[in-house]
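What follows is a single structure, written as structure tokens, with notes after it.
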Amino acid sequence: MAAVAAAMRWRLLLVMSAAVLGASGTPQPPNILLLLMDDMGWGDLGVYGEPSRETPNLDRMAAEGMLFPNFYTANPLCSPSRAALLTGRLPIRNGFYTTNAQARNAYTPQEIVGGIPDTELLLPELLKGAGYVSKIVGKWHLGHRPRFHPLKHGFDEWFGSPNCHFGPYDNRARPNIPVYRDWEMVGRFYEEFPINHKTGEANLTQIYLQVMGAGLAGSGAGSSAFGQGQMVCSSPQEALDFIKRQQAAQHPFFLYWAIDATHAPVYASKPFLGTSQRGRYGDAVREIDDSVGKILNLLQDLRIAENTFVFLTSDNGGSNGPFLCGKQTTFEGGMREPAIVWWPGRIPAGQVSHQLGSIMDLFTTSLSLAGLEPPSDRVIDGLDLLPAMLQGQLMERPIFYYRGNTLMAVTLGQYKAHFWTWTNSWEEFRQGIDFCPGQNVSGVTTHTQEEHTKLPLIFHLGRDPGERYPLSFASTEYLDVLGRITPVVQQHQEALVPGQPQLNVCNQAVMASPGEHSVRCSLVTLTRRPVPCSPSGTLNSQLLPGERNWAPPGCEKLGKCLTPPESVPEKCSWPH
């Protein structure tokens with residue numbers, strides 16, 4: 001039946017898209033471009049109401065495509081949301097969470113031991129079954145060690161880094177983060193790839209869009225004011241050359257463009273610095289907008305736009321527009337994302353879909369575009385959005401809001417129920433760490449973990465997108481909504497089989513001595529009932545020699561190998 005369903009869907013797509021014929025004369029599925037921004041919020045785009053109107057290319061993309069105003073990430077932090085996108089599964093299933101404390105956000109700093117498990121099937125790996133060539137440009141963020149390398153999980157090419165552009169570090173207590181081309185490092189942030197914290201100048205967005213010149217250069221056309229060691233950007237060919245090469249070879253391609261300019265420390269290249277009404281962050285957004293415009297223009301110039309599916313969204317909340325709070329929280333400002341799909345001639349221009357969408361849907365929708373079925377041996381949380389995109393259908397589905405190992409909230413239709421509320425601790429808040437600046441809502445934006453599992457706080461997001469006015473517990477509306485949401489949550493909780501948590505163990509050396517180190521783990525659910533994470537209840541943190549950011553493959557050629565400190569595995573500390 002699965003094969004029949006795939007064949008029927010593919011025939012429908014052939015009819016609707018007049019699919020291009022490949023070199024062998026056989027029908028070729030559409031190319032897929034997923035443009036994942038970093039910390040870019042719902043309120044950053046003109047089409048969503050940003051008053052400066054500084055995103056003309058993204059706004060044009062929406063005018064020529066379809067806007068999703070109700071699109072969500074799977075976690076309010078970077079690494080888990082990216083794992084969810086590429087697996088189609090909630091982080092609680094694919095292991096991208098921690099059990100070191102309740103409701104803690106966790107990610108993959110360079111001292112993390114874990115990463116994407118080999119048991120997870122990633123989108124590029126599955127797309128190979130339909131002949132796709134895949135490339136990731138930018139931030140991977142699913143583990144640093146060789147076993148977690150993106151080319152071991154289906155990608156054919158990579159240019160980017162395993163982590164964000166934090167730093168600079170002294171290369172003694174902590175190394176500067178390496179930048180890779182495919183299997184080997186080609187430099188490090190703040191060294192071969194400079195970022196000037198004072199001015200905000202960095203060429204990284206241009207490098208992610210464009211090809212580097214022939215190695216290192218200290219002067220000449222294309223080099224920046226950083227001087228010696230800057231990688232030259234000579235022509236528009238890093239992401240763009242991949243598109244050109246695959247088009248010339250008539251290969252269907254998957255390009256995952258995961259840049260990080262809007263993640264602190266925010267940067268932009270010199271031509272964009274000082275050009276925005278919104279300061280340096282706006283400069284970064286303007287450069288991203290310009291880069292997306294170049295990508296879309298290339299697709300049109302190559303006459304492959306009508307056979308290329310393009311989707312833009314973000315990994316977690318940023319500028320929150322009308323919503324409450326931001327990144328790190330499970331309020332709307334931390335979870336609702338900008339989302340635009342562009343497929344000229346296939347998706348009607350100027351459309352708005354009110355379908356509840358999730359970043360995990362990009363996994364299932366991409367497989368559907370390729371004529372493939374999602375894996376049947378595991379739970380897939382992502383839906384196929386093609387019926388919503390091509391036929392305007394609306395499908396009822398819940399959106400689950402997890403923070404670490406805890407189900408914090410769920411949205412069903414227009415209603416959102418909070419089972420737990422928490423921003424961050426009073427201690428952090430008093431130190432100036434504020435995830436909800438200027439948005440204190442009494443009893444909602446709490447600085448202690450408040451449980452509402454018996455009587456959840458329920459909001460109507462259509463009338464109250466800012467989550468300021470919960471429904472009265474005594475109202476008929478509240479009781480009716482509670483009666484619809486409760487069985488959905490119970491079914492989810494009863495069927496949930498958590499994956500083994502990957503974000504429990506840290507090690508500054510990320511290289512252990514022989515032997516095993518283990519940390520006990522358990523899952524705290526909605527009801528705080530402990531559940532073993534694995535048959536043994538342990539997370540194996542054994543590390544093998546050479547698995548580290550200190551001396552990655554290729555460091556010898558550059559003279560960039562560093563000596564790691566002593567290996568001391570320990571439980572990671574996640575404050576919020």
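Cβ from N, Cα, C; glycine included.
From a predicted model like this one, the values you see are computed outputs, not experimental measurements.
Annotated signal peptide per TrEMBL: 1-25, in sequence order. Annotated domain 'Sulfatase N-terminal' per TrEMBL: 30-371, in sequence order. According to TrEMBL, the Ca(2+) binding site annotation covers Asp38, Asp39, Cys78, Asp315, Asn316. The 3-oxoalanine (Cys) annotation in TrEMBL covers Cys78. Marked as active site, nucleophile by TrEMBL: Cys78. What TrEMBL records for His141 is active site. The N-linked glycosylation site annotation in TrEMBL covers Asn203, Asn440.
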Whole-number Å value for how far the residue listed as 'active site' lies from Asn316 (Ca(2+) binding site) (Cα to Cα): 14
Chain-mates of Asp38, Asp39, Cys78, Asp315, Asn316 with C-beta within 8 Å of site centroid, Ca(2+): Met37, Met40, Leu77, Ser81, Asp260, His263, Ser314, Gly318, Lys327
Among Asp38, Asp39, Asp315, the most crowded of the binding-site residues [Cβ within 10 Å]: Asp315
Among Asp39, Cys78, Asn203, Asp315, which are recorded as recorded positions, the nearest neighbour of the residue listed as 'active site' by Cα: Cys78
Between Cys78 (Ca(2+) binding site) and Asn203 (N-linked glycosylation site), the C-alpha gap once rounded to whole angstrom: 22
Glycosylation sites: Asn203, Asn440 - member with fewest neighbouring CB atoms within 10 Å: Asn440
Cα proximity to Asn440 (N-linked glycosylation site), best match among recorded positions Asp38, Asp39, Asn203, Asp315: Asp39
C-alpha spacing of Asn203 (N-linked glycosylation site) relative to Asp39 (Ca(2+) binding site), in angstrom: 19
Asn203 (N-linked glycosylation site) versus Asp315 (Ca(2+) binding site) - Cα distance in angstrom: 22
